[in-house]
Amino acid sequence: MKIYKADFITSGVNPEHYPEPLLPEVALAGRSNVGKSSFINKLVQRKALARTSSKPGKTQTLNFFNINDEVMFVDVPGYGYAKVSKTEREAWGKMMEKYFTTREILKGVVLLVDIRHEPSADDVIMYDFLKYYDLSVIVVATKLDKIKRGQRDKQIAAIKRKLQFDGQDTFIPFSSETGEGVDAAWEAIYRHL
């Protein structure tokens, strides 16, 4: 896919902060440091459109990115970071729940999980939440380059089993280092628009 435009538009906490609903939206969710920003940057062929950090919990708002005037990516705060206060975690949870349940132009959610590990309890809760609200889900297993080729099928099966993966959803192994999975991710995203 040729990317001719990839712009950060705004950050928001409440609906009044969201941009006008002019483009279909695809949200990106996952644990802190699972690679959401790296995923965005690899898809749009930029090094720093979405800021990456080695420190978990950096994203604290909904961040909206206009891609080619065709789709809006919405990077949501990572979950599961223990050093964030309970009050802050609850506020993030309410912010994300409000977005996921009220944003009519939300066409799907990319749920990123680390292929090296079984999904956490938080990953399972997020997947179940998205399915409960009948949202289309693309599960992207990041950090594919960090495991041996012979381990891939085993890890994919373990992730699908733990999530109780719905066969109607899409599953994509992905590496922001090698670019493996980029084309499959774009195809899945465009199927949901």
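Every residue gets a Cβ built from N, Cα and C, even glycine.
Under the heading domain 'EngB-type G', Swiss-Prot lists 22-193, citing sequence analysis as support. Sequence annotations record features per position, and here Swiss-Prot assigns GTP binding site to 30-37, 57-61, 75-78, 142-145, 174-176. The Mg(2+) binding site annotation in Swiss-Prot covers Ser37, Thr59.
Here the features listed in Swiss-Prot are painted onto the structure.
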residue: Gly30; record: GTP binding site; Cβ neighbours (10 Å): 27
residue: Asn33; record: GTP binding site; Cβ neighbours (10 Å): 20
residue: Lys36; record: GTP binding site; Cβ neighbours (10 Å): 26
residue: Ser37; record: Mg(2+) binding site; Cβ neighbours (10 Å): 22
residue: Thr61; record: GTP binding site; Cβ neighbours (10 Å): 16
residue: Pro77; record: GTP binding site; Cβ neighbours (10 Å): 23
residue: Lys143; record: GTP binding site; Cβ neighbours (10 Å): 20
residue: Phe174; record: GTP binding site; Cβ neighbours (10 Å): 27
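The distance from the Cα of Phe174 (GTP binding site) to the Cα of Ser37 (Mg(2+) binding site) comes to 13 Å. Distance from the CA of Ser37 (Mg(2+) binding site) to the CA of Lys143 (GTP binding site) is 13 Å.
In this structure the alpha carbons, written CA, of Pro77 (GTP binding site) and Ser37 (Mg(2+) binding site) are 11 Å apart. Mean pLDDT of the predicted structure over the domain 'EngB-type G' (22-193): 90. Ser37 (Mg(2+) binding site) falls within a helical segment according to DSSP. Distance from the CA of Gly30 (GTP binding site) to the CA of Ser37 (Mg(2+) binding site) is 11 Å.
In this structure, Gly30 (GTP binding site) is part of a beta strand by DSSP. In the three-state DSSP classification, Phe174 (GTP binding site) falls within coil.
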